[in-house]
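Working notes for the structure below.
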């Protein structure tokens, strides 16, 4: 039991303090708010198996309506998908017919079904000039294992869908995504002590069994086939077969994507 003594600064407690010293008892409404917040967090982070997609976009070339450069135009593409931004190399002096042949691997978060594409003219002494743009919905046929090779209209200063067209080759792969398993809140039983703070209801955890992501199934179409290597070797007779094999494996057996990657390697060399 605490006792009180007098000092020059007034009375002070010494010894054991009472149980309710500097404690604020939460009201029923405050406890309910805390439980609601914990329940909302549990719903947000429910440990379910989600699915994310990996989209392969090959930015092949564009046919633009006008050359906006003073002497030359050096276009490059920028793609915004979700919160991620991807860019192609600059097609130096590409003018109205730039070619990139750039393969971009994008991760599609759940709920995202489109991306935004812009074409800029790279400037040396001023801000890069945006010359064309378009909003592209990801085709549903990609999820059926098909490839899409299409020309998409571009908008710009000439008007909507009047700035030219851009050629894109797209393919899609499903990727399992594991979200963290959160404990389940059963009931508040413990109070966290603190000076001047409302005690926080402590949950009882039911961790459950840890979830393990199943190994991804091997798609026979993604296995490296000798006929694919021979086909690409005929297109690149001077290329080392082992280089072709490694690029093909890196592209998951996608022959078109491997060809685009090798084209980019040849251009960069």
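FYI, residue positions are counted from 1 along the chain as it appears here.
Here the Cβ of each residue, glycine as well, is placed from N, Cα and C on the backbone.
For the ranges 147-150, 151-154, 155-158, 159-162, the feature annotated in Swiss-Prot as motif 'AIM2' maps to 151-154. Looking up the ranges 125-128, 129-132, 133-136 in Swiss-Prot, the one annotated as motif 'AIM1' turns out to be 133-136.
Nonlocal intrachain contacts for the domain 'CUE' (224-267), taken as residues 6+ away from its ends with a CB within less than 8 angstroms of a stretch CB, comprise 56, 58, 60, 101-103, 147, 169, 171, 173.
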